[in-house]
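K.L.:
Attaching a single structure in structure tokens format; questions to follow.
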Amino acid sequence: MFGNALVHSIMYTVRAISRGRIGTYYYKEYIQWGVVATTTAGVIIYQAFHCFRQMSYETFLTVHIVLVVVFIVACWYHCYDIGYLEWIYVSWALWGGDRVQRVIRMCMFGFRKANIELIADDTFKISVKHNKLFRPFPGAFAYIYFITPTMFWQSHPFTIIDGAINENETTVYIKAKTGITKRMKNYLSKFPGNKKTIRVSIEGPYGHRCPTNRYDTALLWAGGNGIPGPYYHAVDLAKRGSASRQQIKLLWTFRNPETLFWFYDELKALSKTSVITDIYITGQIPNDESSSDSDKEKKSDNSSSDSYKEKTEGTTIEVNGSSSDADSSRPSTIREAIDSLGHINFHYGRPDFEQLIVEEFTEETGPSVCVMTCGPPKMVDNVRGFTAKHLQSAKGRIDLFEELQVW
């Protein structure tokens, strides 16, 4: 639209110059409104670049709404006397229809009470029940509205997990950055236990489902806070009975050992499935000075669990700043968490993605393998590069799916 408007403005300016009327051309009111509309459209596009949205989303959203209103008004006055208003009506109808559809989706979900809890220094968890009209799927994302006096007008997209712990319950893990997520984190920190019940509405779900069930082997790799998407795929494949005819391998790498606690319930639920899970802890464990390099890889069997105990001996990690606030049935130390997750293979250090890819591509994994990644951009880039590099060594079909989301 902006490109057409720019060409339109330039050509009419050239026409006015060629006729020697440029002096009086821009004194006409409808021309002035046209200039306002074209200029506003250009600013809207420039202002919507990701770098500006990342700096301050709230500022971007406010300015964006104001500019859109100015653009619509300017287009109306520009075309009022010369015609073509039917095109303005069509654009209004499309824009208005999109907004109405979003409101309908919100009403279908409802404005429900959600349990919101600060589960780490920079991560909080939203758990909310939903009705049968809300039908999430692996890979889906949704827009979350916090129904509070100062936040209701904003919405942010997040990856969702459904039914991992409780049926008909959607869970969202949010890493606090700037803007509304930082404000929510600070808000939660004021309450006992760092938790609060707040009404929310969810618009969605949107996105698409990757056909991970069609492959003989599904490699689902996540980094940091990118675990919800691959985890949801793994659980969904297990529930659908895909594990009986395919290998489902979930790999998660993260830096802070405390991350293990805020996703503990979900990891524990994997014990009821045949999902092969590997976790790589890349950060230093507090007070870890007596470990040897030979203990770097930690498996969840008895011998490897013992070596991991040596590395974490005397190390206690408190959840949300106070171990006394944690549920008595939940582990309070890294050692307890590792011991209780015996179905998971634990490793200390960074995963060698290239070596893992070579092993998966060359072993008898079946005629087809899908590789899914979700995590930091560098990790996703590395997996993509290694997959392309060793594609020819694979014995069957290889497909790569990236769920990297940069809003």
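A Cβ is built for glycine as well, from the same backbone N, Cα and C atoms used for every other residue.
Automatic, uncurated: that is what TrEMBL annotation is.
According to TrEMBL:
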- 293-313: compositional bias 'Basic and acidic residues' (COMPBIAS)
- 322-332: compositional bias 'Low complexity' (COMPBIAS)
- 106-212: domain 'FAD-binding FR-type' (DOMAIN)
- 286-332: region 'Disordered' (REGION)
- 30-49: transmembrane segment (TRANSMEM)
- 61-80: transmembrane segment (TRANSMEM)
K.L.:
Under an 8 Å Cβ to Cβ limit, what residues of the same chain, 6 or more beyond the ends of the transmembrane segment (30-49), are close to it?
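P.N.:
Sequence-distant neighbours of the transmembrane segment (30-49): 1-2, 5-6, 8-9, 12, 60, 63-64, 67-68, 70-71, 74-75, 77-82.
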K.L.:
Using DSSP, how many residues of the domain 'FAD-binding FR-type' (106-212) fall into helix, strand and coil, respectively?
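P.N.:
Secondary-structure breakdown of the domain 'FAD-binding FR-type' (106-212): 17 helix, 46 strand, 44 coil.
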K.L.:
In this predicted model, what is the average pLDDT of the domain 'FAD-binding FR-type' (106-212)?
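P.N.:
Within the domain 'FAD-binding FR-type' (106-212), the model's average pLDDT equals 90.
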